[in-house]
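The next block holds one structure in the form of structure tokens; read it before the comments.
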Amino acid sequence: MININDRALIKKAIDKINKLAEKIDKLKIMHVCGSHEHTICKYGIRDVLPENITVVPGPGCPVCVTTQKEIDTAIYLADNGYVITTLGDMYRVPGSEKSLMEKQSEGCDVRIVYSISEAVKMAKKERDKKFVFVAIGFETTAPTTGAELISLKNKDVNNFFILNCHRQTPPVMEFLLNEGVYLDAFICPGHVSTITGLKPYYGLCEKYKAPMVVAGFEPIDVLMAIIMILKQVISGEAKVENEYIRAVKPEGNVLAQKIINEVFESIDVPWRGFPVVKNGGFGLREKYKKFDIYEHEDIPEIKEKIPKGCICDKILRGEKLPTDCPLFGTVCTPLNPVGSCMVSDEGTCRIFYKYRRI
């Protein structure tokens, strides 16, 4: 068995990248996974790449791509008597005026939970209160939400709803290829691909002639993905490959896919930093819409207020890096986040802040 942390193997991979890079002009690769950015920053992978190879972070953080309007909706519901249950990262994301953490300090009932199941247990125990779970995440977390709603479908629980913020990754990849910054290739997300398998990438790869490699999260995984992309570019190919074979099956997690297809359907939704992304969201199917808070409340239109100087939108689209932001590390820090990219552990700005100071 290969030791994925073997330093000699890593050095060999870096040497291989440098040798292959001599055969091309320029190559711009995007990844769409916060865990990949952790690996790239922690181990200084960008520093060892030749100048003609660029790897940029994309919209790989579910907290970061949740829109300000969705945060404001949760705050509106908290102001109107709902118990808001949320994962820890969402608790601190700024809305147009305040965050859920600030609303809690003002007396609103906002609770941090570790899962949707914990929120459901609270709702069952406190029947006199109305609960909303802020459901975020990509294909990796949508099955958990779906499974919980399936189990609740025929049960007498009428005080539990979700604020559905789930999103799909391949559609935003297509948006970036079609309308975003110029990209040559993608390092596809490892966690998402354990659920989806390789199928969602085939159409994109064929349509846009962009190499796509699913990668794991060790330094050697990322380096090998770059090598695989380079080999495709040099040979004039564009195909989907799986570097992360120890975790990702070509067919993905079929059971999780069945749960997603049972509960959700594809819908067009905006992402933070993006306009409406075609099929970019998971909408609840008709038979599960009783859990959709939008079916029970008429949410007023709240105008977004982007903080002056914040470039989270450009960072999420791969147009800029955190170090290009005038607020980074001064006005905007993990203790005082101005934009969503500084809040979550998966956020690009948070990751840059953590590892650029080692």
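The backbone N, Cα and C atoms fix where each Cβ goes, and this holds for glycine too.
Swiss-Prot annotates C61, C64 as Fe cation-binding residues; of C33, C108, the candidate listed for that same site is C33. The highest number of surrounding Cβ atoms within 10 Å, among the binding-site residues C61, C64, is found at C61. Take the mean position of the Cβ atoms of C33, C61, C64, the recorded Fe cation site; other residues of that chain with a Cβ within 8 Å of it are V32, G34, E37, P57, P59, G60, P62, V63, V65, S344, E346, G347, T348. C33 (Fe cation binding site) has a Cβ environment of 25 other Cβ atoms inside 10 Å.
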